[in-house]
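Swiss-Prot annotations:
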type     : residues                                          : note
BINDING  : G29, M30, S31, G32, G33, V34, D35, S36, M55, G145 : ATP binding site
ACT_SITE : C120                                              : active site, nucleophile
DISULFID : C120-C217                                         : disulfide bond
SITE     : H146                                              : site 'Interaction with tRNA'
ACT_SITE : C217                                              : active site, cysteine persulfide intermediate
SITE     : Q362                                              : site 'Interaction with tRNA'
Amino acid sequence: MKSIVYEKKLPKLTSLEIAKNSKKKVICGMSGGVDSSVSAFILQQQGYQVEGLFMKNWEEDDDTDYCTAANDLADAQAVCDKLGIKLHKINFAAEYWDNVFEHFLAEYKAGRTPNPDILCNKEIKFKAFLEYAVEDLGADYIATGHYVRRSDVNGQTKLLRGLDSNKDQSYFLYTLSKDQVAQSLFPVGEIEKPIVRAIAEDLGLITAKKKDSTGICFIGERKFKEFLARFLPAQPGEIRMVDGKVIGKHDGLMYYTLGQRKGLGIGGVKGLSEDPFYVVEKDLINNVLVVAQGNDNSALLSQGLIATQLYWVDRLPIRQNLRCTVKTRYRQQDIACEVIPLNDDCVEVRFDEPQIAVTPGQSAVFYQGEECLGGGVIERQIK
């Protein structure tokens, strides 16, 4: 198969490089989406022996509108048939439940806001999948449709941001070690999303115009509140201002996150301005949601954070203060900061400028230029 867009936009490999690649087997994770579809095609063009693997990581239930595994599998199979490659199938639902979902529930129960996509990458895509591909399928590499890049210079493997800054997914992959990165290929990380779609359209792939998934990893885009209530009992309570004034009722602390503005159910409050309210604290002991009014309210701001559960890509803990940038949530602009090691698994991060909505349970991910250094889980804010 040929793609005019691919021929024009992507660098051509030499015949020697293609011959070298032809001795390597790559198992490409096929999600039924456009990114993994085009990744498999690019790997073929680069000469690799390519096979696909579809992972089922969530058991179907009665949420037929949200669990799209059957449709995704059909799309993945159609793409593999079109490309002429074999598609393997594996069920990691038990691993997902034990290593991702139970942690997800425990964090919400503890009043934190976890990022299950990060844990899914750590425990499923780059652990269970990688081990299965190498040990059972004889892979030399795995490949995924993530928008990140890998750098190999002087024997040093590094994880870099994706070329398309609008789609960069390095934030979700900071737990990977340099060895895991070295065993992984990220074909679409070197190109921009519009080109990925154009290649898919060129090839007539069924996934060319398929909408990107934006739901929780492997759970889909169901109504989150209803979904969470099936696993954790809600405990309604009071909404109070920072000064203690009661201004409403909340549905359960687990449904709210720091910095949240929408969905608080607070209308106009007598004697107060029309400025919006923001969540600034979740008081678990008293089951109180604390809010502040105005987007420039000092209660929203943090001077820094404490992060634990650290993962550095090179797996070498820092021993001295580090100047770098940090993201405390996906799609955030880089924040200039200083990282101060407290021990091998805990750092203090001091921002150059105060930041809003620093949320315990989310991840702080560190960068130097294009390189993703690693990160950790936000334990608490520093006010």
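Placed from the backbone N, Cα and C atoms, the Cβ positions cover glycine too.
Taking the features listed in Swiss-Prot, we show where each one sits on the structure.
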| residue | record | Cβ within 10 Å |
| --- | --- | --- |
| G29 | ATP binding site | 25 |
| S31 | ATP binding site | 22 |
| G33 | ATP binding site | 20 |
| D35 | ATP binding site | 26 |
| M55 | ATP binding site | 26 |
| C120 | active site, nucleophile | 24 |
| H146 | site 'Interaction with tRNA' | 25 |
| Q362 | site 'Interaction with tRNA' | 24 |
_If you compare CA-to-CA distances from S31 (ATP binding site) to each of the recorded positions C120, H146, Q362, which comes out shortest?_
H146
_So among C120, H146, Q362, all listed as recorded positions, which is physically nearest to D35 (ATP binding site)? Use the C-alpha atoms._
H146
*asked:* Using the alpha carbons only, what distance in Å do you get between G33 (ATP binding site) and C120 (active site, nucleophile) once rounded?
replied: 17
*Taking G29, M30, S31, G32, G33, V34, D35, S36, M55, G145 as the record's ATP-binding set, what's the max Cα pairwise distance in Å, rounded to a whole number?*
16
*Closest to Q362 (site 'Interaction with tRNA'): which of the recorded positions G29, M55, C120, H146, going by Cα position?*
C120
*Provide, as an integer number of angstrom, the distance between the C-alpha atoms of H146 (site 'Interaction with tRNA') and C120 (active site, nucleophile).*
13
*Round to a whole number and give the Cα-to-Cα distance in Å for the pair G29 (ATP binding site) and C120 (active site, nucleophile).*
14
